[in-house]
């Protein structure tokens with residue numbers, strides 16, 4: 001659904017289901033209306049399939065290469081915030097008392113939930129767009145073009161035959177499944193070791209979730225800053241393993257140590273969620289993020305159900321430590337399998353523009369140090385101080401790269417990338433030469449190699465008769481015609497390597 005119909009439709013369906021289910025639950029506050037509760041909750045639960053896989057897709061569609069992991073982590077953060085509120089608000093709003101008093105409290109709780117979901121649904125209808133007008137990265141352009149010809153079965157086939165992704169599929173399920181199992185069995189463990197500490201169980205669960213919120217955001221920031229996807233994934237996985245060891249062997253050392261162990265588990269194991277999503281997106285690019293994240297969520301649910309069931313049996317028959325020892329062993333195996341995943345950063349390679357040439361530092365020429373991506377797969381780069389030359393003298397940009405040429409601006413993405421580059425260049429000029437020119441007064445404007453003009457961004461009143469070369473404005477990326485003998489620095493296009 002997410003891949004076929006896009007973000008807006010998927011998010012709208014999820015929000016609509018939450019809204020409908022929330023209003024249905026208002027009528028279920030009496031003891032004989034439990035079946036109504038089940039109907040409302042089933043609708044809400046089913047709606048999650050439209051939104052659970054949204055964070056990596058939302059991040060990829062709306063954010064650039066240096067922000068995408070943090071954005072995905074923020075999406076997971078929001079999910080964890082909702083869970084945290086689920087721990088806090090019901091005990092605050094629903095109190096022990098008579099049937100009528102409890103029913104009134106439940107009505108207020110459900111009404112608040114219904115109103116909030118209605119407001120969110122309305123805001124999504126009014127303000128949420130499926131995608132930005134200009135894709136934030138060349139990687140996203142590639143993904144969009146690939147999706148036009150893709151189909152669900154084809155995408156599934158590519159994912160299931162991708163060995164690195166299948167290793168991540170298993171390790172993601174192991175890690176998340178252990179977390180689900182421990183979270184579910186936590187109350188029983190605490191009750192066995194610390195009878196009468198029922199109120200502490202809720203606070204411990206809340207501590208796990210809050211720690212996980214911070215872990216998610218910190219993990220996303222680390223990915224964006226370091227770009228070391230395997231290193232970050234392995235490190236967090238290894239510390240999840242150590243956290244489970246610490247939790248198990250300090251469980252009987254006092255209730256305060258249960259808090260410490262639970263916080264460690266929450267921080268690393270929940271923090272792993274966006275990291276796993278983002279690493280998978282790198283390994284499977286340009287396959288659709290919705291299908292990829294759906295498979296990871298399926299793995300998490302399968303392992304979660306299996307490990308919760310097995311952990312419960314072991315807990316009842318053999319005790320807490322045997323049950324937790326199995327969880328430790330599974331995380332240990334997952335750590336080893338994570339180490340076997342090869343780091344293949346396909347999305348980063350598609351988004352990152354690297355300089356395939358050496359700096360030239362002399363009195364007349366200095367290269368810009370941060371090239372920008374171009375939709376042809378090349379790199380924009382400026383030659384700031386190389387101004388004492390006409391258009392024809394610098395047309396090849398050979399001083400920048402052996403395969404260089406003056407820049408082509410073929411679409412809105414190229415225009416955006418070029419503008420960001422020349423704005424940050426701080427050159428003492430208002431214009432940069434680009435490769436658009438014409439050979440005669442009546443000839444059409446073409447790019448290098450006589451490539452036709454299929455995207456235009458002329459400034460008002462441009463082009464001017466008698467001027468056969470062109471420049472790009474550093475203020476708004478519009479084009480102006482200019483005499484070919486004018487002296488301006490160049491915006492060049494060079495290939496990636």
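For all residues, glycine too, the Cβ spot is worked out from N, Cα and C.
Annotation source TrEMBL lists domain 'Major facilitator superfamily (MFS) profile' at 1-346.
Taken from TrEMBL, the feature transmembrane segment applies to 7-27 (among others).
Annotation comment: TrEMBL describes 33-56 (among others) as transmembrane segment. Long-range contacts of the transmembrane segment (33-56) within its own chain (CB-CB distance under 8 A, at least 6 residues past either end) are made by residues 1-2, 7, 10-11, 13-18, 20-25, 27, 71-72, 74-76, 79, 274, 277-278, 280-281, 289-290, 292-294, 297.
Listed by sequence, the residues of this chain that lie at least six past the ends of the transmembrane segment (68-89) yet keep a Cβ under 8 A from its Cβ atoms are 52, 54-56, 58-60, 62, 109, 137, 202, 205-206, 209-210, 212-213, 216-221, 223-224, 270, 273-275, 277-278, 281. Here TrEMBL flags 68-89 (among others) as transmembrane segment.
Annotated transmembrane segment per TrEMBL: 109-130 (among others), in sequence order. Sequence-remote contacts of a segment are chain residues at least 6 beyond its ends whose Cβ falls under 8 Å from one of its Cβ atoms, and for the transmembrane segment (109-130) they are 6-9, 11-12, 15-16, 18-19, 22-23, 25-26, 28-29, 61, 89-90, 93-94.
Under the heading transmembrane segment, TrEMBL lists 165-186 (among others).
Annotation comment: TrEMBL describes 206-224 (among others) as transmembrane segment. Listed by sequence, the residues of this chain that lie at least six past the ends of the transmembrane segment (206-224) yet keep a Cβ under 8 A from its Cβ atoms are 66-74, 76-77, 80-81, 83-84, 87-88, 183, 232, 236, 259, 262-275, 278.
Per TrEMBL, transmembrane segment is recorded for 231-251 (among others).
For 257-275 (among others), the entry in TrEMBL reads transmembrane segment.
Long-range contacts of the transmembrane segment (295-315) within the same chain: residues 52-53, 159, 168-170, 172-174, 176-178, 180-182, 184-185, 188-189, 276-277, 280, 322-323, 326-327, 330, each at least 6 residues beyond the stretch ends and with a Cβ under 8 Å from a Cβ of the stretch. Positions annotated as transmembrane segment by TrEMBL: 295-315 (among others).
If you look up TrEMBL, you'll see 321-341 (among others) marked as transmembrane segment. Remote same-chain residues near the transmembrane segment (321-341) are listed as 164, 167-168, 170-171, 174-175, 177-178, 181-182, 185, 230, 233-234, 237-238, 240-241, 244-245, 247-248, 251, 279, 283, 307, 310-312, 314-315 (criterion: CB distance under 8 Å, separation of at least six residues from the stretch ends).
Among the features that TrEMBL reports, domain 'C-type lectin' is placed at 375-493.
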